[in-house]
Amino acid sequence: METDNGKGLILAVASSIFIGSSFILKKKGLKRAGANGTRAGYGGYTYLLEPLWWAGMVTMIVGEAANFVAYIYAPAVLVTPLGALSIIISAVLAHFLLKEKIKKMGVLGCVSCIVGSVVIVIHAPQEQTPNSVEEIWILATQPAFLTYVAVTMSIVLALILHFEPLCGQTNILVYIGICSLMGALTVMSIKAIGIAIKLTIEGVSQIGYPQTWLFFMVAVTCVVTQLIYLNKALDTFNAAIVSPVYYVMFTTLTIVASAIMFKDWSGQDAASVASEICGFITVLTGTMILHGTKEEEQQQQASSELIFGSAERVRWYESRKSTNEEHLISLYSPEY
């Protein structure tokens, strides 16, 4: 068992390194693509022709694959908190490669998000692993989880159809919210697929069950949606802000979805519930700090642009004024 946990630990750390690096590679690719065509934040897809973006995409796939295998060898309570390493890696690389500086309050926000997420994951209830895809299908079609899916899809549609045109370019929660909500459904589908693969390798084939392929189609749909809106988020906002906010929301929603689907919350003691509430408060505080830092940067940028523009107008006016004065002097000079 310790050997399996060791394998899971190595895979989880490797996954964080790959995923954290992928944010930066894709960000640089999006910048290059935006310079040559329509930016992804405005609906463009020229990044599909950018090799650097594909390098980031491959890196992310490798990281997600390593994370997927890590869950086979180690429990979620060991693997999930290590995902916070991708935030640190992404922030450090963004600092040196993208010149996206993080202020002290931004660092505090990142730390708060990481601490809160770790507290939530550590005190999250243990899930009961089903023994077949059919058992997972029964859990997925229970009224509570169907209600969760309906609410999730309603929020996603509202974000896409109403809030994205309205404030998608100014509010990071629009794009990240879509990614996180769809990401929670992706994890539920990926778990089902992982169990099917594991049982098939062990000799109990799950390929013939239609539920296996249904989970696969749901996973593909959710992953494609995540990628589209994650690219928009990265192209529009600072990568050092996108990474921690996405991690916090994704982790929180995944824990909630897993708890509803697998009924993990039953039987928890008061101490664990209190710890999870504290974790949520810490996450919320960190997210607010990150938003405050981002808004302050935008205000400073807007102010500098306003001052620069005003200075240009003053110089133009003074230049125009001096020209007019020279013209008047030449007209009323005694020499004429």
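Yeah, the Cβs are placed from backbone N, Cα and C, and that goes for glycine too.
These features come from TrEMBL:
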- 6-25: transmembrane segment (TRANSMEM)
- 79-98: transmembrane segment (TRANSMEM)
- 105-124: transmembrane segment (TRANSMEM)
- 136-160: transmembrane segment (TRANSMEM)
- 172-201: transmembrane segment (TRANSMEM)
- 213-230: transmembrane segment (TRANSMEM)
- 237-261: transmembrane segment (TRANSMEM)
- 273-290: transmembrane segment (TRANSMEM)
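Below 8 angstroms of C-beta separation, residues 130, 174, 177-178, 181-182, 184-185, 188, 191-192, 195, 211, 215, 225, 256-257, 260-263 of the same chain, each at least six residues beyond the ends of the transmembrane segment (136-160), sit close to that stretch. Long-range contacts of the transmembrane segment (213-230) within the same chain, counting only residues at least 6 positions beyond its ends with a Cβ under 8 Å from a Cβ of the stretch, are 57, 133, 136, 156, 175-176, 178-179, 182-183, 185-186, 189-190, 192-193, 196, 242, 246. Panel annotation: around the transmembrane segment (172-201), residues 68, 71-72, 129-133, 136-137, 140, 149, 152, 155-156, 159-160, 163-164, 207, 209, 211-212, 215-216, 218-219, 222-223, 225-226, 229-230, 232-233, 236-237, 241-242, 245-246, 249-250, 252-254, 256-258, 261, 291, 294 of the same chain, lying at least six beyond its termini, place a Cβ under 8 Å from a Cβ of the stretch. Through the fold, the transmembrane segment (237-261) approaches residues 20, 23-24, 27, 80, 83-84, 86-87, 90-91, 94-95, 98, 100, 102, 106, 109-110, 113-114, 116-117, 120-121, 124-125, 127, 139-140, 142, 144-145, 148, 172-173, 175-177, 179-181, 183-185, 187-188, 230, 280, 283, 286-287, 290, 293-294, 297 of its own chain, all at least 6 residues removed from its boundaries and within a Cβ separation under 8 Å.
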